[in-house]
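J.: Sharing a structure here in structure tokens format.
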Amino acid sequence: LVALALSQTAYSQITNGTTGNPIICLGHHAVENGTSVKTLTDNHVEVVSAKELVETKHTDELCPSPLKLVDGQDCDLINGALGSPGCDRLQDTTWDVFIERPTAVDTCYPFDVPDYQSLRSILASSGSLEFIAEQFTWNGVKVDGSSSACLRGGRNSFFSRLNWLTKATNGNYGPINVTKENTGSYVRLYLWGVHHPSSDNEQTDLYKVATGRVTVSTRSDQISIVPNIGSRPRVRNQSGRISIYWTLVNPGDSIIFNSIGNLIAPRGHYKISKSTKSTVLKSDKRIGSCTSPCLTDKGSIQSDKPFQNVSRIAIGNCPKYVKQGSLMLATGMRNIPGKQAKGLFGAIAGFIENGWQGLIDGWYGFRHQNAEGTGTAADLKSTQAAIDQINGKLNRLIEKTNEKYHQIEKEFEQVEGRIQDLEKYVEDTKIDLWSYNAELLVALENQHTIDVTDSEMNKLFERVRRQLRENAEDQGNGCFEIFHQCDNNCIESIRNGTYDHNIYRDEAINNRIKINPVTLTMGYKDIILWISFSMSCFVFVALILGFVLWACQNGNIRCQICI
């Protein structure tokens, strides 16, 4: 047992570096609790630091800057364009985003728009309700018809941008044949309509003819509508309806109105600009006094992250919508928390075994022990090399994904339900595809980050090993035992790459000669261990046998052998 203890003590002195030689260890930064990220091969890799790429927070209001907002309040965009009562304040307004409220209501004669979404999109993208009034000559009819369903100031009225034509005082109606040429330099939008009476009597009372017809033509298009006469559920005490149509007239083209009854005529046109990127947003959020480049139906997003999980409907300079609530991009190396009571300084060994939680001013660094004491220093060069690669990658990732993203809501009439289903399928597929691509892209970047940081650690280790050469011995755990006196200046030269092994070569060789014989003879340790173990077992067995014989002689144990 004494021999075993002596051999173990001698071996511990050699392996723990208590020979008095200087030791320098290479290490990397670590934290007590790292962040888990996904890579191509592992769903949970702990790293020192990571950046969240998905924005999940938003303000509960719409910011009117830098995007100019127009609040429709009780009026939607179509009613504003038609000039419904209560919507007059919207005339000639301009916007980047027109805010439609879910509480908006129709306030005039009940109407429908067969191509509602297209008209809404054209008006929204034009960015204004700039109306140009025109003089029309409607011969043989009575103009400025009104309805009790369309009260303005307590009196019967009508859509301010439309002219309801009925039979003249002599009882006749037209016929109408009016032409307007677009002599301007912009596209004109004409709104017009067809009245569908609730009965044959109403038809003849208003238009004399039993069956009316409206035809509107341009060089490239023509539409002809015959009214559908019949009773419908009453809306604002009216069972008749008006269908609203629209026509775009390019510069140099003309629009022709032909009718023998039931025409709801225009009073002018809207100036359409194709150079703007304005839009419409339906939301119940109030307009605040904040600033945000990104609006959603749920509020504003103020973030520099490349992705968001707030809403599919996003307008402005917005992060892309993804289905994932979190995508963590590694911005630091693999985290290996430090082990306790082991290695240099009684606590920490080199990078192969664990990281250093105390290395706060760099990712990679050195710790040493010599005659002057102990010390720690970061290696800024390798740290900066890794940071540059990671930051460059982060900037490229944000640049790729944080482009202007514009997704507006889609609306369809019930008769277009199949189109709505198809549109929803396409949008869902696009989101699924982009969400998958985003997750794959982040996993690729995380894999590369970890590989880069591991590579920089290995580069630093190889640089030190090539400097020291035969003047030191690799202990296999990220540390080197130096076989010559190495003060703090010497340690610093190893760290900064100016170490000259030739200066210390002779001293290191002499010290190796003194140490190696002792080290080589330590091979007897295994022999002593086995001999000690065998002798201990022999003594233990002999003691047991002696006790049994003594007990048998005193009658305490009786042995019977049966054959």
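For all residues, glycine too, the Cβ spot is worked out from N, Cα and C.
Just so it is clear, the model here is predicted, and its values are computed rather than measured.
Copying in the features that Swiss-Prot gives for the protein in this structure:
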TOPO_DOM  1-526  topological domain 'Extracellular'
CARBOHYD  Asn16  N-linked glycosylation site
CARBOHYD  Asn33  N-linked glycosylation site
DISULFID  Cys63-Cys290  disulfide bond
DISULFID  Cys75-Cys87  disulfide bond
DISULFID  Cys108-Cys150  disulfide bond
CARBOHYD  Asn177  N-linked glycosylation site
CARBOHYD  Asn237  N-linked glycosylation site
DISULFID  Cys294-Cys318  disulfide bond
CARBOHYD  Asn309  N-linked glycosylation site
DISULFID  Cys486-Cys490  disulfide bond
CARBOHYD  Asn496  N-linked glycosylation site
TRANSMEM  527-547  transmembrane segment
TOPO_DOM  548-563  topological domain 'Cytoplasmic'
LIPID     Cys552  S-palmitoyl cysteine
LIPID     Cys559  S-palmitoyl cysteine
LIPID     Cys562  S-palmitoyl cysteine
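Where in this structure would I find these features, and how exposed are they?
T.: Sequence-distant neighbours of Asn33 (N-linked glycosylation site) (same chain, six or more apart, CB under 8 Å from its CB) are absent.
In this structure, Cys63 (disulfide bond) belongs to neither helix nor strand by DSSP; it is coil.
The Cβ of Cys87 (disulfide bond) has 26 other Cβ atoms within 10 Å, all protein chains considered.
All protein chains shown were included, and the count of other CB atoms within 10 Å of the CB of Cys108 (disulfide bond) stands at 25. In the three-state DSSP assignment, the secondary structure recorded for Cys108 (disulfide bond) is coil.
Taking the Cβ of Asn177 (N-linked glycosylation site) as centre and 10 Å as the limit, one finds 11 other Cβ atoms among all the protein chains shown.
In the three-state DSSP scheme, Asn237 (N-linked glycosylation site) is classed as coil.
For Cys294 (disulfide bond), the same-chain residues 6+ apart in sequence whose C-beta sits under 8 angstroms from its C-beta are Ser300, Ile301, Gln302, Ser303, Gln308, Ala314, Ile315, Gly316, Asn317, Cys318, Pro319.
The C-beta environment of Asn309 (N-linked glycosylation site), restricted to residues of the same chain at least 6 apart in sequence and closer than 8 Å, consists of Val54, Glu55, Thr56, Tyr321, Val322, Lys323, Gln324, Gly325.
Cβ neighbour count for Cys490 (disulfide bond): 21 (other Cβ atoms within 10 Å of its Cβ, all protein chains included).
For Asn496 (N-linked glycosylation site), no same-chain residue 6+ apart in sequence has a C-beta under 8 angstroms from its C-beta.
Across the topological domain 'Cytoplasmic' (548-563), mean pLDDT in this model comes to 68.
Around the Cβ of Cys552 (S-palmitoyl cysteine), 12 further Cβ atoms fall within 10 Å across all displayed protein chains.
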J.: Round to the nearest Å and give the CA-to-CA distance linking Cys290 (disulfide bond) with Cys490 (disulfide bond).
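T.: Just about 59 Å between their Cα atoms.
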J.: So of Cys63, Cys75, Cys290, Cys486, which of the disulfide-bonded residues has the fewest other Cβ atoms within 10 Å around its own Cβ?
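T.: Ranked by other Cβ atoms within 10 Å, the disulfide-bonded residues Cys63, Cys75, Cys290, Cys486 bottom out at Cys290.
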J.: Nearest to Cys87 (disulfide bond) in three-dimensional space, by Cα, is which of the recorded positions Cys63, Cys108, Asn177, Asn237?
T.: Cys108
J.: Measuring CB to CB from Asn237 (N-linked glycosylation site), give everything in the same chain under 8 Å that is also at least six residues away in sequence.
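T.: When sequence neighbours closer than 6 are ignored, Asn237 (N-linked glycosylation site) has Ser148, Ala149 within Cβ distance under 8 Å.
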